[in-house]
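Q: The Mg(2+) binding site annotation in TrEMBL covers B:Asp453, B:Asp459, B:Glu462, B:Glu463. Taken from TrEMBL, the feature domain 'TRNA-binding' covers B:39-150. Per TrEMBL, the feature domain 'B5' maps to B:400-475. Under the heading domain 'FDX-ACB', TrEMBL lists B:708-801.
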Amino acid sequence: MSDLATLEKSILDQIAAASDEAALEAVRVASLGKKGSISALLATLGKMSPDERKTEGAKINLAKDAVTQALATRRDVLKAAALDARLAAETIDVTLPLRDTPADAGRIHPLSQVWDELTTIFADMGFAVAEGPDIETDDYNFTKLNFPIGHPAREMHDTFFFNPKEDGSRMLLRTHTSPVQVRTMLTQKPPIRVICPGRTYRIDSDATHTPQFHQVEGLVIDKGSHLGHLKWILHEFCKAFFEVDHINMRFRPSFFPFTEPSLEVDIQCRRDKGEIRFGEGEDWMEILGCGMVHPNVLRACNLDPDVYQGFAWGMGIDRIAMLKYGIADLRQMFENDVRWLNHYGFKPLEIPTIAGGLST
Amino acid sequence: MKFTLSWLKEHLETDEPLDKLAEKLTMIGLEVENIEDKAKALAPFTIARVISAEQHPNADRLRVCMVDTGDGGAPVQVVCGAPNARAGLISVFSPPGTYIPGKNITLGVGTIRGVESRGMLCSAAELQLSEDHDGIMELPADAPVGRGFVEWARLGDPVIEINLTPNRQDCTGVHGIARDLSAADMGKFKDPGIRPIKGEFPCPVQVTVEDPTLCPGFALRLVRGVKNGPSPEWLQQRLTAIGLRPINALVDITNFMTYDRARPLHVFDAKKVQGNLTVRRARDGETLLALDGRTYTLDSNICVIADEHGVESLAGIMGGEASGCDENTTDVLIESALWNEINIAQTGRKLGINSDARYRFERGVDPAFMVPGLELATRMVLDLCGGTPSENVVVGKQFGEDRVIDFPLSEVKRLAGIEVPLVEVKLILTRLGFMLAGAGPVVKIAIPSWRTDVQGKADIVEEIVRIVGVDKVPMTPFDRGEEPRKPVLTPIQQRTRRAKRALGARGLVEAVTWSFITNDAAKLFGGGQAELVLANPIAADLSDMRPSLVPGLVAAAQANVNRGYPDLALFEVGQVFRGDRPEDQLVAASGVRHGDASSKGLGRHWTGSAAADAMDAKADAFAVLAAAGAPMQALQIVPGGPAWLHPGRSGTIQIGPQNVLGYFGELHPRAAEALGVDGPMIVFEVILERIPEAKQRATRAKPLIDLSTFQPVSRDFAFIVDRTVKAGDIVRTVQNLDKKLITGVTVFDVYEGKGIDPDKKSIAIAVTMQPRDKTMTDQEIDAVAARIVAEVTKKTGGTLRG
């Protein structure tokens, strides 16, 4: 074997033996570097005769090419092995549990959600939202709504009072949201189309009553709206709110001081092990009261009952929230137990819309 | 209001079945609340005879009875625990499969201590006939074995209970209910006239009414020589069926008239009445032992009937014990009067008496029926007790006012949206007792005296519609009109809605707390004003309208901590009260964080967890402000807050000292102690009304964006400053240096401790510069950096950290 062949074999053996890229680089420098063994052989060519140079040069260059090729091949192998080794070491435990994002952890109270649902449905029907103060005068809460002083109908409302003022008058906590209707009629010109959601108060506390609760009332005043329209609106509302294709409703004559005629409305439902389904079944469940605004109320709000007319309705927001979402106990609405809120509450990005649905 | 079906049929000739009558009652506004139909509920119960009763082999207290059920079959074996089960007893039997109402079970064939039992002998309680649990029922020896028990006991008359609305005083009597049903085509109303009974001598007792406003009318008559005792069985059954206790014929007649005719009466034992009667105001401190056995102390707002002795009766509410009628009564004074509704209601409320008389008088009885009612009662007294009647004494008015209104027939269509022909209107109203004159378009309508609730045209429309049926009113689509589709929410409603969603999105859970809190808590949070204290709170700790949501939220958080859930974040958006005027009611958005409840999330977690601190509350407050559209650049943060916050770990958010938008921080330890809560509570409160309204913009288009093509440059600076220097001031100083060029200033490190003087701290900021028209040279960058250092040093005394 010639010296060159021996050298080439020796270098190729070193390349094969290089265990990492650094070792391989050392082999490259020792062979092809400025002072490398093959570079040194190439440097000897200058002293040779042209013929000798031709034959020897070709040999040396062949050896150089073989070494260069082997270096590149080995480098690829070592690089892939190094990456494999690195990747093998780089593992994480993908089963580690995530933490809820804040938007998943937060909750909207069912009352607020239903409030938004109501507003969405009625806004689509052209209703604005009116609000008024919780602390009211006797005049707005009762007298202007055709509750004569001393009338037993006032007793139907167990009223919270504040202490009398120096002039003998005393403020109270509104027992219904109807004073907002009065305020609206006194400040706006017909046509009026508003809903009035708000907090109301009565001295009452048992399984189905809490001293504070929430109502939403509706009011329409113009020159032609009648009971037929009222029935239609409530029918449309109930279908939209309970998200059913059809619903049977029963309108019964009743009595409220501020409407004449007055009606109570029942919806047909089926109760099954605590679950209530609407649009089917045998039971009737009372859901709201309504009627044509009483002429005395219109007069008290400076509207001529022979020119203007309209209707109003009212229902419990807490109650319809309970019915729709299967909440059994009213009192838990205000106990703020985080377990209850997490269960019955809504995620903040579940925003009721007409296009996307109320609760889906 | 309760009555039985057979009672109704005394006034209504009808063949309609009970369920149809009940449905119709509900649909004309007399809502049926309950029907107690014992005939249906107790149909399987039969009369049976105990043939033998032997000791149970395995139980001391049980007997094995053989029972003859009268069906001709073999005797039935029944295991019975009643002490009175004995051979020969006639009792009530129920076979297997029977629903036992008093026990709410359905009977099966059972084996009791090894002995088979095929039915049950029943107590009165098991049939819900009384509270008597002591043993099985004992029927008379002649009770027919095998017959239905209900039929034999005449319990078969269904009891109907109506939830009467306060306007329908005319239906506090069965007579009035029958009239309504007849108008609704449910049968023929039986209304024979009432014939006056001629008095045979002048009434010896005279009546003086001192105040006609309290007693508009008063009629009285004496019947001499009556024989009072138990009333006849039919009358007793009527009263028992609706839950009244029969007392004696004279008293039973008054109760009957109350329920039959909505005409409460009173009967005095004439021999116990001294001299003449006076209707007057009670004197302060006068007392009366009333028929309910209680003594009432009276005052001058209470109307009474007195004789020469003193008060004998609470007018229109309850009689007195001393002049009451009993089995020895021979001469009776019958009173039929009209009373002031409001005064009756006030007196009843004040004395706490809920009598059948009060119930009717406070709703207003038929004024024209005062004297006919007296005549009808006299007739009953003569029929049931005999005697000789005096002439009537009548004081005051005995008729109501004539009330006639002009009614345009078009009102029905206008208000109810339904066309009702004149003939039908006439038929309905006439059957209800109205009188019509004219053929339209405007008719005259006379309102019957008993319909005190009917005042005007709308009431007439209601009468027509409720009888025609509200279900007949066609649903009419409601045109939403020409109004443009604009948002309907007011700015404050928008802010409320957005604040809730923003806080929810930060991981807080929405609470709804009471509007009222304790007086102590209210005072602690700047409330407790006299005008916000309830006169009649439902509980002592719910006495004051809240000036802030924080106390309620903190209490709610503590309740959850006590339940074992210490890491939580709650918020509420709701009303707070600064006074009792409408403008004093504001909407607050508030929150509380407790335990491991930083902005990262609740509880301990491998990704890291931390106790909530004031900066989390600041972030919550800012989320509300941003969502509600506050001008974020204009907000100033001032250290410290109200007294209920930790002075060093709290801040005030304001736009100038005159407009404070809210606060955030750690609850002051003293406030926490006063509220009875433990551990740091991190709270914030923002008043949504305080946020200035954004300027209305003419276009929805956003301003054009200038996207520079040149690289931004970032430089870091660390300043050593006094501990009192506010990071916000450094940031603002740098921002204001060149608002066009400097597009970002972030604080990336704050350090106090080793290597820094104890009264100093290091604040490190990164400043981003965005050139607009050419790349910045090193010299230009250095120049800006030098200006930054110089300006910060000038404003804060800080030096660049070496």
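Keep in mind that glycine also has a Cβ here, set from the backbone N, Cα and C atoms.
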Q: Where does B:Glu462 (Mg(2+) binding site) sit in DSSP terms: helix, strand, or coil?
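A: In the DSSP reduction, B:Glu462 (Mg(2+) binding site) maps to helix.
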Q: Is it possible to list how many residues within the domain 'TRNA-binding' (B:39-150) are helical, extended or coil according to DSSP?
A: 5 helix, 40 strand, 67 coil
Q: When you measure from the Cβ of B:Asp459 (Mg(2+) binding site), which residues in the chain that are at least 6 apart have a Cβ under 8 Å away?
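A: Expected: B:Asp453.
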Q: Which residues of the same chain, at least 6 positions away in sequence, have a Cβ lying under 8 Å from the Cβ of B:Glu463 (Mg(2+) binding site)?
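A: Listed in sequence order, they are B:Ile428, B:Leu429, B:Leu432, B:Phe434, B:Val454.
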Q: For the domain 'TRNA-binding' (B:39-150), what's the mean pLDDT in this predicted model?
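A: Its mean pLDDT is 86.
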Q: Among the binding-site residues listed here, B:Asp453, B:Glu462, whose Cβ has the fewest other Cβ atoms inside 10 Å?
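A: Looking at the binding-site residues B:Asp453, B:Glu462, the Cβ with the fewest others within 10 Å is that of B:Asp453.
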